[in-house]
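Peer 1: Before we start, here is the structure in question, set down as structure tokens.
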Amino acid sequence: MPSRIPLPAFCCFLLPWAFTSFHKALGNPAPHPGPHYLLPPIHEVIHSRRGATATLPCVLGTSPPSYKVRWSKVEPGELRETLILITNGLHARDYGLLGGRASLRRGHRLDASLIIKNVRLEDEGRYRCELINGIEDESVALTLRLEGVVFPYQPSRGRYQFNYFEAKRACEEQDGRLATYGQLYQAWTEGLDWCNAGWLLEGSVRYPVLTARAPCGGHGRPGIRSYGPRDRSRDRYDAFCFTSALAGQVFFVPGRLTLSEAHAACRRRGAVVAKVGHLYAAWKFSGLDQCDGGWLADGSVRFPITTPRPRCGGLPDPGVRSFGFPRPQQASYGTYCYAEK
């Protein structure tokens with residue numbers, strides 16, 4: 001007769017396999033006794049500014065006999081990673097995403113930390129350091145977060161003129177990029193209250209509300225309102241842009257100038273008419289406070305206030321005030337210039 005496995009023995013045999021399969025089905029690798037070579041980072045979020053040098057830590061506790069370390073960036077809103085650099089501990093090869101700005105720190109033989117020089121706005125995001133040794137691959141994830149400022153933007157034609165791609169280009173033309181949801185949320189916690197919906201980098205459309213009111217989503221609770229999934233080509237909204245610290249300086253030139261005269265005034269001083277992102281960055285990082293409207297490169301007239309006071313914008317909070325888009329021939333304003341250092 002064929003031999004039979006007693007039920008208790010069969011269950012004892014089956015349970016470990018079932019537990020392992022269930023554990024993997026949940027997306028968590030089953031525990032294994034093998035060594036862990038990568039040390040967990042002390043800080044998973046690294047803060048930096050545009051133009052600075054950032055170091056993303058990735059350190060081995062011990063070195064396997066043969067291995068490679070692969071650095072990549074996890075693209076927001078996309079299920080893919082972009083390769084940055086691969087090293088075998090002796091030699092490294094970069095793959096062009098960060099150009100010549102990315103290198104290994106090599107503080108010691110177990111140091112695979114990534115250095116990014118001259119940090120740019122598009123460098124913000126999530127990065128992965130992966131150890132590949134042919135047996136048990138492992139990785140650590142880190143987030144590079146830039147200090148900056150979010151500003152709403154609409155063109156001279158009025159609100160809700162941009163599809164996603166036009167909003168993206170508009171932010172870049174104003175020395176910024178489309179803000180992420182995380183950046184908009186941070187700006188909301190710092191006081192951003194805006195009743196017009198705008199595109200974000202991930203392709204969503206949202207707006208931040210601090211004071212709930214009927215014309216602005218109703219009398220519900222404060223928060224980030226969402227319009228849900230939108231068609232990137234067809235649907236039209238404003239843009240929420242993000243910018244960071246400047247390499248140069250913004251300064252005000254007084255007068256009663258037309259827009260063309262404003263450009264000439266800045267050129268005479270070795271500068272250009274400032275962009276909207278330049279003015280917001282100077283307000284945020286340099287404390288620029290000027291109670292005079294000035295032309296900007298997009299044809300708008302704005303002024304930055306860090307200390308609210310009577311007859312200076314009429315609002316109780318700091319911010320960048322706007323006079324909209326006057327006629328370019330209207331000789332009523334000074335100008336804000338931007339000069340590289």
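Each residue, glycine too, has its Cβ placed from N, Cα and C.
Pulled these features from Swiss-Prot for this protein:
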- 1-27: signal peptide (SIGNAL)
- 35-143: domain 'Ig-like V-type' (DOMAIN)
- C58-C129: disulfide bond (DISULFID)
- C171-C241: disulfide bond (DISULFID)
- C195-C216: disulfide bond (DISULFID)
- 246-339: domain 'Link 2' (DOMAIN)
- C266-C337: disulfide bond (DISULFID)
- C291-C312: disulfide bond (DISULFID)
Peer 1: Using other CB atoms within 10 angstroms as the count, which residue among the disulfide-bonded residues C58, C216, C241, C291, C337 scores least?
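Peer 2: Each of the disulfide-bonded residues C58, C216, C241, C291, C337 was scored; lowest Cβ tally within 10 Å is C291.
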Peer 1: Could you round the CA separation between C241 (disulfide bond) and C266 (disulfide bond) to a whole angstrom and send it over?
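Peer 2: It is 25 Å, counting Cα to Cα.
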Peer 1: Residue counts in helix (H, G, I), strand (E, B) and coil for the domain 'Ig-like V-type' (35-143), per DSSP?
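Peer 2: Summed by class, the stretch gives 6 helix, 48 strand, 55 coil.
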Peer 1: I'd like the Cβ neighbour count for C129 (disulfide bond), meaning other Cβ atoms within 10 Å of its Cβ, all protein chains included.
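Peer 2: For C129 (disulfide bond), the count of other Cβ atoms within 10 Å is 24.
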Peer 1: In whole Å, note down how far the CA of C171 (disulfide bond) lies from the CA of C129 (disulfide bond).
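Peer 2: Distance between the two Cα atoms comes out at 30 Å.
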Peer 1: Ranked by the number of other Cβ atoms within 10 Å of their own Cβ, which of the disulfide-bonded residues C171, C195, C266, C312 ranks first?
Peer 2: C171
Peer 1: Roughly how many Å separate the Cα of C291 (disulfide bond) from that of C337 (disulfide bond), to the nearest whole number?
Peer 2: 15
Peer 1: Would you list, in sequence order, the disulfide-bonded residues among C58, C171, C266, C312, C337 whose CA lies within 10 Å of the CA of C195 (disulfide bond)?
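Peer 2: None, since no candidate lies within 10 Å.
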Peer 1: Rounded to a whole angstrom, what is the C-alpha distance between C266 (disulfide bond) and C171 (disulfide bond)?
Peer 2: 22
Peer 1: Sort C266 (disulfide bond) into helix, strand or coil using the DSSP assignment.
Peer 2: helix
Peer 1: Could you tell me the mean pLDDT over the domain 'Link 2' (246-339), as a whole number?
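Peer 2: Within the domain 'Link 2' (246-339), the model's average pLDDT equals 96.
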Peer 1: Where C58 (disulfide bond) and C337 (disulfide bond) are concerned, what is their Cα separation in Å, rounded?
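Peer 2: Rounded to a whole number, the Cα-Cα distance is 42 Å.
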Peer 1: C312 (disulfide bond) to C171 (disulfide bond): how many Å between their Cα atoms?
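Peer 2: With the alpha carbons as reference points, the distance is 27 Å.
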